[in-house]
Amino acid sequence: MKILVIHGPNLNMLGRREPEVYGSVTLDEINAILQERAAAVGVTLLTVQSNHEGALIDFLQAEGWDADGIIINPGALTHYGLALRDALAMLKAPIIEVHLSNVYRREPFRHTSVIAPVATGQIAGLGWRGYLLAIEWLLGTRGQGPGTRDQALGTRD
């Protein structure tokens, strides 16, 4: 099983940026926790962080075709990353959108996600543990292989 974890703009600043909102855990610490969980269950986990939408799209185009699951925290691209949204829509793997903070308890502009319509599900407000929950959910789809976004939800026509 292959899972991609995509971290959008400014997530490289976790641990320093507004710890009262995003927590004190760094991105490197989050990635290490995720890698440890993945290794324990025999999952290949590839992570990427970029402040540039095009770099995230390049990663998806290179690695996403045979992915069994995608976890994405798009950061600010949540609200305007249409090219990223289109890149995700091309792929067939289940997509879980993760946000460290509860975006619906914050400023109104954060309430709209252009990513959500192509995501299988969304986890918000649970801090770094939201990534672990996403992995656990994807593990429940193990063996279904790429092309199972609708099957994972039981909504395939």
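Every residue number used here counts from 1 along the chain in the order it is shown.
Each residue, glycine too, has its Cβ placed from N, Cα and C.
What you are looking at is a predicted structure, and each value in this text was computed from that prediction instead of being measured.
Annotation comment: Swiss-Prot describes ARG17 as site 'Transition state stabilizer', evidence class sequence analysis. Annotation comment: Swiss-Prot describes TYR22 as active site, proton acceptor, evidence class sequence analysis. What Swiss-Prot records for ASN73, HIS79, ASP86, LEU100, SER101, ARG110 is substrate binding site. Annotated active site, proton donor per Swiss-Prot: HIS99, in sequence order, evidence recorded as sequence analysis.
A coil conformation is recorded for LEU100 (substrate binding site) in the three-state DSSP classification, outside any helix or strand. HIS79 (substrate binding site) sits 12 Å from HIS99 (active site, proton donor), counting Cα to Cα. Following the DSSP three-state reduction, the secondary structure of ASP86 (substrate binding site) is helix. Around the Cβ of LEU100 (substrate binding site), a 10 Å sphere holds 23 further Cβ atoms from the protein chains shown.
The Cβ neighbour count for ARG17 (site 'Transition state stabilizer'), using a 10 Å radius over every protein chain in view, is 11. Using a 10 Å radius centred on the Cβ of SER101 (substrate binding site) and all shown protein chains, the other Cβ atoms total 18.
Under the three-state DSSP scheme, ARG17 (site 'Transition state stabilizer') falls in the coil class. Fewest other C-beta atoms within 10 angstroms, among the recorded positions ASN73, HIS79, ASP86, HIS99, are seen around ASP86.
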